[in-house]
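Taken verbatim from TrEMBL:
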type    : residues                          : note
DOMAIN  : A:25-140                          : domain 'PurM-like N-terminal'
BINDING : A:27, A:42, A:73                  : Mg(2+) 4 binding site
BINDING : A:44, A:122                       : Mg(2+) 1 binding site
BINDING : A:51, A:265, A:321                : substrate binding site
BINDING : A:104, A:121, A:122, A:148, A:218 : ATP binding site
DOMAIN  : A:152-303                         : domain 'PurM-like C-terminal'
BINDING : A:219                             : Mg(2+) 5 binding site
């Protein structure tokens, strides 16, 4: 197997952006900061047979998703993506060199679309299963802080797209379900294998200049809503009838609400914004071809999350469990 | 086991530096850049039973070293350390929660000394052995580029401390050698378990304003010298008699030169600087209590590395193998 340097050369960008001084090829990457922007940084790890299986994800999917989950964190800060670093522990057996190159190719496909450039990494061997860790560095306009702690009573709660799709897709993949081939399930399978970080919507929210609380839906909307409620010290009311989901979830009536509330890995953005500013932001997002849905409201009170449906109002915990009351 | 958020709270710094806007606790960290500084970023991974063993490294040592090897890359760019992110894959068994906390404590011990602040991370579980990945973000004065490609004929080649110590220490640890207890071997064992990133010397070199080529000795001086020779298109002559090493290596006559030339993990800085500027830099480093040794010179010619000793001049390859001729 080639050395780290050779690996990285293969996936090195042809053209480096203006702010990058030294990318791959020295001890560390060197880049200029940007006037009137703050820096945003995040890291996430995916472990074989914990976060993905070779049977349900192709190598390019694995790379794509490993970068996507990090870009989603950047999106949740309203940032634009700039740079990424990849550390990969490659098993002594079970993975071909081509497969590892495909992992990087999957990242690059998404990175090119988002304007992120690979600037460094580490490739090591392991006697165990594959582990891939991606660090992403992004930027957001100085003074913009789309934090979880920004929610205030009276805010609209919004989400940027369907919930539960990833969980539905994983379910089909793990079962080897014959419906996998059907067109109507393509969207949910894709949501699991190639989640789309909502960077464009994050940028709209950051540029709006409005106070926005924001979180990405990695662990399910129940958990993320709790994080905002706790960080902001507010009550979040969610309206079941307004929660967006892909129509194919109706074919799984038993799992549907569990997936929607706590399936996780949807990588949509969940946030809150003042009611007066909602129409403007919704218009801007939809004007760019994006989706954004009002799904609830913020109230005063001890941190908690409630789900309103035709049966009444239910306190829900982080796992999405509904306490009927 | 606690969730990621709880983990990170335990090791969260009490006081955040001026430039950090949001550390642990949101989707990503947010920090200001600094006027007249460029950003430096690097990532490195350590895998249990590949890069360390529980029998030879305590949990605090593992954490210390995982951060140190990254800080060494920052040092090799002349940077100061600012922030670090830690991603850790924790085995289902074999590691206690206390041991994992100690890994973070080992990092923090070094980080506090170097002024680096933990700003984020990811904790995941694994069915295999422990994997720890550290990302460090540092800064260096705008326009300073202490790159491997900066060497020029006529330069002095220097190194910042003893070579081969880490390899000697590992040898003793793996053998369970009874000499481990002896005072005279403490330095080499410590060099393996707790390598010291040479950040202070990197800063002296960066602030000097001189043209400096620089590399950290992670893979052995033979390999690092080749990297400078190749990146700069020069010949590097090393003088065996000038290579610094800990006196205890004389007790291992068979391994001594292999360890010095290619033992690796010494995390000293290897570099080159114009002969006219050498005395000034040496004075500055030593004035701060640091060590720096002239060990060779740069010549014109096709990229290569030669070792001069009493038997003549030998071409050496990246692995330190001497081609007698």
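Yeah, the Cβs are placed from backbone N, Cα and C, and that goes for glycine too.
Keep in mind that TrEMBL annotations are predicted by a computer and have not been checked by a curator.
Known features from TrEMBL, placed on the structure.
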| residue | record | Cβ contacts under 8 Å, 6 or more apart |
| --- | --- | --- |
| A:27 | Mg(2+) 4 binding site | none |
| A:44 | Mg(2+) 1 binding site | A:66, A:69, A:70, A:73, A:133, A:134 |
| A:51 | substrate binding site | A:45 |
| A:148 | ATP binding site | A:213, A:214, A:215, A:227, A:228, A:231, A:232 |
| A:218 | ATP binding site | A:69, A:72, A:224, A:264, A:265, A:267 |
| A:219 | Mg(2+) 5 binding site | A:262, A:264, A:318 |
| A:321 | substrate binding site | none |
Listed binding-site residues (A:44, A:104, A:122, A:321) that sit near chain B [CB under 8 A]: A:44, A:122
Conformational class of residue A:218 (ATP binding site) under the three-state DSSP mapping: coil
Alpha-carbon spacing, residue A:104 (ATP binding site) to residue A:122 (Mg(2+) 1 binding site), which is rounded to whole Å: 13
Between residue A:121 (ATP binding site) and residue A:42 (Mg(2+) 4 binding site), the C-alpha gap once rounded to whole angstrom: 14
Length of the line joining the Cα atoms of residue A:122 (Mg(2+) 1 binding site) and residue A:42 (Mg(2+) 4 binding site), in Å: 17
Cβ neighbour count within 10 Å of residue A:42 (Mg(2+) 4 binding site): 28
Cα-Cα distance, maximum over A:51, A:265, A:321, record's substrate binders, Å: 23
Secondary structure composition of the domain 'PurM-like N-terminal' (A:25-140) [DSSP: H/G/I, E/B, coil]: 35 helix, 50 strand, 31 coil
Secondary structure of residue A:148 (ATP binding site) (DSSP, helix/strand/coil): helix
Site of maximum Cβ density within 10 Å, from binding-site residues A:73, A:122, A:265: A:73
Cβ atoms near residue A:121 (ATP binding site) (within 10 Å, other residues, all chains): 25
